[in-house]
Amino acid sequence: MIAPRRLHRAAGAVLAVFVTVHIANHLVALAGVDAHVRFMERARLVYRQPVVEVVLLLCAALQAASGLSMLWTGRHRRRTVLGWLQAGSGAYIALFLAIHVGAVLAARIVGGLDTNFYFAAAGLHVWPFALFFAPYYFLAVAALFAHVGCALRRGRAVVARMSGAGVVVAVLIVATLMGKVVPVAIPARYLATFAFAGP
Ligand code: HEM
């Protein structure tokens, strides 16, 4: 059997390629929603290929499972701040991945929605859902950068720089999704997902 740590590193390397493109895709929205959608359409030509997507989703599941396994088995040995930061950020990413990928697939397969910028942003434009989605997305990006910073094993200064960069990137992405950077008008079909909360 492959050790959870090796599995975590291998799945993480595959996932890192997608996540780099994915975060870049969200930063492209700083230049407008159209730029974001054009970037996503090109990236999807690769990651929406059935074989690529199956490998990607499998890696996401393996990443979360192996990470949670190490979180549990290492619970008595974890004594440093960096150790706890790595474990805590990893636990949040595993929870986020389960909700996020589940929501994306359900919206696509059951809801028939194009899971583009508007899908990600809709919840931030409906009260009180913004109270959930703002910290949910912010923490995902911040945790990702902190987690990768810890995994690099280059000491506290690198972790601090990576975590700081994560906070900046997270603020930019969430502010853009909220329509605070460029104009954002969410189409009615995306807002309808939250219609059950209305009068
Ligand atoms: C603010 C942060 C994020 C937002 C707004 C966001 C939004 C999205 C959207 C809209 C999709 C659908 C893409 C498509 O239909 O082509 C998606 C898919 C996905 N995201 Fe994220 N995401 C964020 C962060 C993350 C992070 C941090 C991870 C990983 C740690 C992640 C992993 C994934 C995965 C695995 C998919 C499924 C790809 C597929 O098979 O289509 N996302 N995300």
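Residue 1 is the first one shown; counting continues down the chain.
Using N, Cα and C of the backbone, Cβ positions are placed for all residues, glycine too.
As annotated by TrEMBL, transmembrane segment applies to 54-72 (among others).
Long-range Cβ contacts of the transmembrane segment (84-109) within its own chain (Cβ-Cβ under 8 Å, at least 6 residues beyond either end) map to 57, 60, 63-64, 67-68, 71, 74, 78, 115, 119, 136, 139-140, 143-144, 146-147, 150-151, 159, 163, 193. Feature annotation from TrEMBL assigns transmembrane segment to 84-109 (among others).
Annotation source TrEMBL lists transmembrane segment at 129-152 (among others).
What TrEMBL lists as transmembrane segment is 164-186 (among others). Distant neighbours of the transmembrane segment (164-186): 23, 26-27, 29-33, 117-118, 120-122, 124-125, 130, 133-134, 137-146, 149; these residues of the same chain sit at least 6 beyond its ends, with a Cβ under 8 Å from one of its Cβ atoms.
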